[in-house]
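Q: Annotation comment: TrEMBL describes 1-21 as compositional bias 'Polar residues'. Annotation comment: TrEMBL describes 1-23 as region 'Disordered'. Per TrEMBL, the feature transmembrane segment maps to 71-93, 99-119, 192-211, 217-238, 335-357, 377-399, 420-440, 460-481, 502-525, 545-565.
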């Protein structure tokens, strides 16, 4: 319902917006503190957990299955807690305060775990060797020792669940995404964020693991804990220049209100499936004008009935009389945004499941290959991950500084390629990763069966794994970063932390999915005289068939993603369409 009053207020609003944007966006000046804190925090937490399974087996005398289960439960637990942390940030505390409090929780957890390495009474005594130096007696851990360890892991999971979903959105908040230069800076920030994380992982895979294995666990845990204690003051040092987005109330109840209101008005008719004969309510939850609105779309138009003003929906002074019957258009668009992204998010499970094989079966391959570098040094099997990390360290800066600017000139797109195109390329690399891994495993197995040494190690260099791990690095560069870019681009400002937590939910789901597929394969294969694909003896099994199976699932997943991407409409591309078709009540 256009009016002279609403039109005359528009220039004033634009002036207010312009001055506010100039004042509130510190850009790279603030991001330096965020990246610095994030790098140190990740070096601390990853330095503590990267080699943690070895710590549980050696120091707590656990079997490998129990230790692996504890780590899997902890990983899935913190991934699920990211939803809680994101909700607390977006609804109640804001990102800055959530990160600060979560950092303290992480520090408390790290101090607790480090104490288990420093204080002998907090872990079982060493195993007693016999005269031939074989371990013959190991004292099991006590409930008190396990309780103290689990308390540290719980605090660390709470802290990680608060930091992970908020750090990227908080960095993006420092840029002005309403202008092209600001959006380019956001894309560059995501690339450099992931590059710094990769360098940190590379350091942990080498230096920190070496200290833990060759010096002592106390120093191996103590150094990351000291780093974590230094990251908190660094983060707080930028508090005066950060741009803080205020939390905007209960997001989940807002979603429920839209669904209930749309259901109550389901009998209303839409004209041409786009335009409602009536007036839409377009104010924020507190009645103020919204500085950064989510663009209006033409999809899920039945939900827009929730914002249709009919009799008795408004009080005399213009406010909503019942939020469960009338919602704002922005509330509706936020629900539509979430529903649009869900099919794309679901496609990430297979991609991440392929990525999850690096820490399990790829290590099993490395154990049965020649890992010698020179005559006197043998690479630890767990360090093969360095190959994908090195690839990522090289390719991320190249992509940001060389390839992306070149693509911008060709495609005229501000990011070179769209987020969905980036995700699709990542999915193709995940298929290539599994296919090449299967071919290399077939060659390794044949070599092991014909020329293996007594311990079953094939006379084949571990560097034959480099091609598949190079493709895995590309999966991260395009697929994982593409998902993060999509969520932060499409979700409105007040929901970015919740949107960013989706990638961790995907990781948790992929972990369970990978375990489910492996369990099904293990139970189905190995009958009628055929070898079990996932036999404990990798030379007797057919791991290559398992890799090809995941590649086939990847192909089906890519077709599903392609169909979803074809009908997907970016939020920013439909801004002008709906604005001329609907009457807005302000």
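Including glycine, each Cβ sits where the backbone N, Cα and C put it.
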Q: I'd like to know if the transmembrane segment (335-357) touches the transmembrane segment (460-481) in this structure, counting it as a touch only when three or more C-beta pairs sit under 8 Å and are separated by 6 or more positions.
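A: Judged by the Cβ rule, the two regions touch, with the required three close pairs present.
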Q: Counting only CB pairs under 8 A, let me know which of 217-238, 420-440, 502-525, 545-565 has the most with the transmembrane segment (335-357).
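A: That would be 502-525.
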Q: Near the transmembrane segment (502-525), which same-chain residues lie under 8 Å Cβ to Cβ, leaving out any that are not at least 6 residues past its ends?
A: 72, 75-76, 78-80, 82-83, 164-165, 341, 345, 348-353, 355-357, 360, 480, 483-484, 487, 531-534, 542, 545-546, 549-550, 553
Q: May I ask which of the stretches 71-93, 99-119, 217-238, 377-399, 420-440 has the most CB pairs under 8 A with the transmembrane segment (192-211)?
A: 377-399
Q: Do any residues of this chain, six or more beyond the ends of the transmembrane segment (420-440), have a C-beta under 8 angstroms from a C-beta of it, and if so which?
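A: Here the qualifying positions are 344, 347-348, 350-351, 354-355, 357, 362, 365, 464-465, 467-468, 471-472, 474-483, 485-486, 544-545, 547-548, 550-551, 554-555, 557-558, 561-562, 565, 568.
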